[in-house]
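Take a look at the structure set out below.
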Amino acid sequence: MDVLVINGPNLNLLGKRQPHIYGNKTIEDINNELHKIAHNNNVTIDFFQSNHEGEIVDKIQQSAAKIIIINPAAYTHTSIAIRDAFLAINKPFIEIHLSNIYNREEFRTKSLLSDIAYGCIFGFGPNGYTLALIEAINYINMKGE
């Protein structure tokens, strides 16, 4: 597998949960769009969503992907475990958020992942996933993997 997309807590509710912030697309809509882009670029992609921190840590540790795209959702601000998992595997990842975390409540403005991420994309709604995948494909091509 080339790219793994991980979605954290409550992202299974996209399309229903606060559409004025997160938009109307479901996680399935986003995944289908990403799958098409990956297929058109001869890149393999897999998707994982969990509301449980330990399951996300396990998935990061077990991943054979060349690069990971992650929307850690609320765990962005609280999960030292997810941060440590990325440090342990020493694999590039792109942090993505549908909303601009720096234009939200004060407690949402600190990311425990941004400083160790390959790159970060905030505030472009579902299009942010497309931007992240394009950059992941660029990374794979640059590395010649």
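For all residues, glycine too, the Cβ spot is worked out from N, Cα and C.
Among the features that Swiss-Prot reports, site 'Transition state stabilizer' is placed at Arg17, with the record citing sequence analysis. Residues annotated as active site, proton acceptor in Swiss-Prot: Tyr22. According to Swiss-Prot, the feature substrate binding site maps to Asn71, His77, Asp84, Leu98, Ser99, Arg108. Positions annotated as active site, proton donor by Swiss-Prot: His97.
Here the features listed in Swiss-Prot are painted onto the structure.
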residue	record	DSSP class
Arg17	site 'Transition state stabilizer'	coil
Asn71	substrate binding site	strand
His77	substrate binding site	helix
Asp84	substrate binding site	helix
His97	active site, proton donor	strand
Arg108	substrate binding site	helix
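Sequence-distant contacts of His97 (active site, proton donor), defined as residues of its own chain at least six apart whose C-beta falls under 8 angstroms from its C-beta, comprise Asn71, Thr76, Ile121, Phe122, Gly123, Gly128. Counted within 10 Å of its Cβ, the other Cβ atoms near His77 (substrate binding site) come to 16, all protein chains included. Each of the recorded positions Arg17, Arg108 was scored by the other Cβ atoms within 10 Å of its Cβ; the lowest score goes to Arg17. Around Asn71 (substrate binding site), a 10 Å sphere centred on its CB holds 25 further CB atoms from the protein chains shown. A gap of 12 Å separates the Cα atoms of Arg17 (site 'Transition state stabilizer') and Leu98 (substrate binding site).
Its own atom aside, the Cβ of Ser99 (substrate binding site) has 17 Cβ atoms within 10 angstroms in the protein chains shown.
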